[in-house]
Amino acid sequence: MGRWLLRGFAVLILLIGIAAAGGYYYLRTSLPQLDGEIALAGPSAPITITRDRNGIPHIEGQSIEDALFGLGFVHAQDRLWQMEMNRRIGAGRLSEILGEATVGTDRFLRTLGVYHFAERNYSRLKPETRARLDAYAAGVNAFLENRSGALPVEFVILGVDPEPWTAADSLVWLKMMAWDLSANWSSELLRFALTERLTPTAIGQFLPPYPGDAPVSLPNLKALYDSTGRGLTRLAGIAPPHLPRGAGSNNWAVSGARTVTGKPLLANDPHLGLSAPALWYLAHLKAPGLDTIGATLPGIPAVVLGRNDRIAWGFTNTGPDVQDLYIERNPAGDPDSYLTPDGPAAFAFRDEVIKVKDSAPVSFRVRISRHGPIISDAMASVRADLPSDTGLAFAWTALDDDDTTADGGLAMMTATDWDSFVGALRSFRVPQQNILYADVDGNIGYYAPAHIPMRKAENDIRGLMPSPGWDDRYDWDGYIPFEDLPQAFNPESGVIYTANQKVVPDNYPYHLTFEWTPPYRARRIATLLDETEKHSVESFRAMQADVRSTMAGDLLPLMTTIEGSDEKAALALAQLRAWDGTMAADMVEPLIFSAWYREFTRLVYSDDLGPDLFADAWSQRPVFITNVLLDREGQGAWCDDVTTDAVEDCPTMLRRALDLAIADLETRYGSDRTAWNWGTAHHAHGEHRPFGKVPVLKDLFDVDVPTMGGTYTVDAGRFDIANGTAPFANVHSASYRAIYDLADLDRSIFIHSTGQSGNRLSPLYKNWAEDWAKVGYVAMTTSAADYQAGALGRLILTPKPD
């Protein structure tokens, strides 16, 4: 009997093994076909797709539309699940596949109407743009209709069957990228919340102006906000995340007078949230009138960042205030109307239905005022907290019918000189980017195109907090003329750089924002550019790898004036006094400094804000902390703990914070200080959607690698000190790095943070992660001789006979 049980158990194990092997080999059929020919409906002529040794597709078509058809096909081959998630996020359709957990986010985005506007914008685009969007969608759908084998594993696990791709699916992701780069609405909500506990003066200290700018005076709106209800801040909990304040990007360009070759160089590294797979996908498109290579966004038919055979370009976020919140009030007894300067007006309405996996659909009506959708209706607890006659409207330039950004993005790829490039930029609406330019003729330039609202002189709120919607003082007053937007062409210095710092002079006649990123990275870039008389690709590589923190350099002399409370603290202080702010992965000093600084920020303002508001507002805030330590205008008083009878000063809190930091580091990493290092704590974390939230799957799908740098270094790696589990993990970083050599464009180099494939079974899923972390690159070549050598495959898409 025992022998038969053993044999039965062995057979069962064998069958399980066979089934697992069979499942694995079935899922491997989801990997893309790289060689051969496929006959498809759609192309006008054969399209050749050569994947070089790094998996970068070089797509050659006989027309631009055919090349974009090929791009749609390879995007679907390599990143289909990422594309599926992206369009579902933008359309507010996550709950169809993920269930009740995402209903809040879906409802928020349906209320905003992002996908609704993407559909409306399509008809406003130029005919050639619509044709290219349609060609790209046809390429995606040709893959869906003609694929053989399994779908990627995410589709299998979640039981999702992808629908045909549409042009609106592409346009909505442009808007979601704009959402990621536009965060002013959340700052307005933060100021709204702060009015409950702080005076206008204290709010101005806690959220200080850009260094050197005059303080911003705010009206006292506490009475208005108390009558509105305080639940509005909860809206941020259901909204998709966006770029945090202090994060950003770098780009810089030098003319030929400052290079060893006599031709310009341009560098770019946009800092965005890390993901698995990476946000970007590298590709080369070639057709008559088009020869461009660089970073594409899966789902969008364009090289967003890159070069063609004559020019190169790169983006950083300008960060303008293109969002305003308005408190709307109903006239008595009329919930379908709201007050305007001209009397009551009727809301517009839009009906929405969210399908929810394993649950009943959620139906609701969106109210829309003259300012925008009433986002307070998106969350039941917020609606319950508000007075019945009150709502919060959301104004945003991305919610305009005439958003023609796609016209500009596609035209940019075929520009040949500054004039045609600027001509393409005229169509940009959102998001505003600091766009650097260089060309083979030796020119460099800069433009920041977008629709930027102008606010009236009598607007005393100035977009910093929610405004009364019934008062026309707070209405937008048109947009800044394109010709007056920030720009430069061949400056005498031969140098242009941006790092999200203030990019306009004090006498600039228009308002862009009060929330420029502190200039730590910009200062360091300027220093490095000045240190080398004649730059090269190699010197630009060294700049992109620079991890010396000017923020730490500013703060260390102010923090290390204290004496330690014990030997551990004394040793830490000695190490930090000898440290130059270099945040290398193998060093301990960046970890001690970051932990100390984290605890000090907690001690400085957690008592003033209270636990709930502190949890929402806790971040690094180095300009504020510097002002506190310097006791500017008495701001050292923030160091006093208002919950105690004693009056604490900053040295006391610095000592206390250092002791807390050392104890925290020992808890996290052990008491052996020789085992501590920054790279282990500051690992870059690329999270998979949605399996990065699933404990049994996250280790399989997420990508983690130790990194150097910090929030304010040129090689940036922002960490979230409010994250109790991993407060030093690198969560926003250089999502893409590129250096463009205008003397020989094939000497240009680039990389992104994971690998080309989004298929977990592919060897290209995360093969670049370690090189990226060490600031390595791959060749950006459009030479057939180069990319055909060692190619992984050559696939030809041929027109299917009628």
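Backbone N, Cα and C define each Cβ position, glycine as well.
Note that this is a predicted model, so its numbers are computed, not measured.
Copied from TrEMBL, the annotated features are:
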type	residues	note
BINDING	Glu188, Asp321, Asp324	Ca(2+) binding site
ACT_SITE	Ser249	active site, nucleophile
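Everything TrEMBL records as a feature, shown here on the structure.
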| residue | record | Cβ contacts under 8 Å, 6 or more apart |
| --- | --- | --- |
| Glu188 | Ca(2+) binding site | Gln323, Asp324, Leu325, Gly463, Leu464, Met465, Pro466 |
| Ser249 | active site, nucleophile | Asn268, Asp269, Pro270, His271, Leu272, Phe315, Thr316, Asn317, Ala499, Asn500 |
| Asp321 | Ca(2+) binding site | Asn184, Pro453, Gly463, His511, Leu512, Thr513, Phe514, Glu515 |
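The Cβ neighbour count for Asp324 (Ca(2+) binding site), using a 10 Å radius and every protein chain shown, is 28.
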